[in-house]
Amino acid sequence: MPRSLRAELSKPYGVLFINENKLKQFLINKSNSRLITVGDVVTQTILKFHIKPFLAIVDGKTKRKLVKENFGQFEYIKVKNEPGLIRLSTIREIKDILVHNENDKILMVDGEEDLLVIPVVIYGNFGDIIIYGQPNAGVVVTLNNDFLKRRVLEIFKKFQVTSC
């Protein structure tokens, strides 16, 4: 990821929730949409609400510290994704899950999951609800739509291929 994108990617691309009860109520009202979570704390919070994500992407860490979480009844798929990068193999795994509508999956990332919101937006359906953590602020909830896809594609085009 180019350093020039750090500030851009640290902005929330959706509604920032700081209150768990309001987040829960919002999600209950959107129960017909596919829900995709990116991050360990976000995923654990959603599961605490007895809401099961269609896809959860986690790395076993919170703020770079290891956490021991039990995410329950999911099929676990291990992928590798180094910090600051998005591996093509990981993009393909996310695409396969989202395009083929394969729910109840957890991508367990060896590395870092933060940037994987990007392929989730690109390959997700219009209307998917994507939830990710905003460090030291709360939880961002965004509804996948044409504007978001275009904006994320613009950002993704600025990434550089480092190896093949």
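Easy rule for this one: first residue shown is 1, then count along the chain.
Placed from the backbone N, Cα and C atoms, the Cβ positions cover glycine too.
A helical conformation is recorded for Val42 (GTP binding site) in the three-state DSSP classification. Cβ neighbour count for Val42 (GTP binding site) (all protein chains, 10 Å cutoff from its Cβ): 24. Taken from Swiss-Prot, the feature GTP binding site applies to Asp40, Val41, Val42, Asp59, Lys61, Glu113, supported by sequence analysis.
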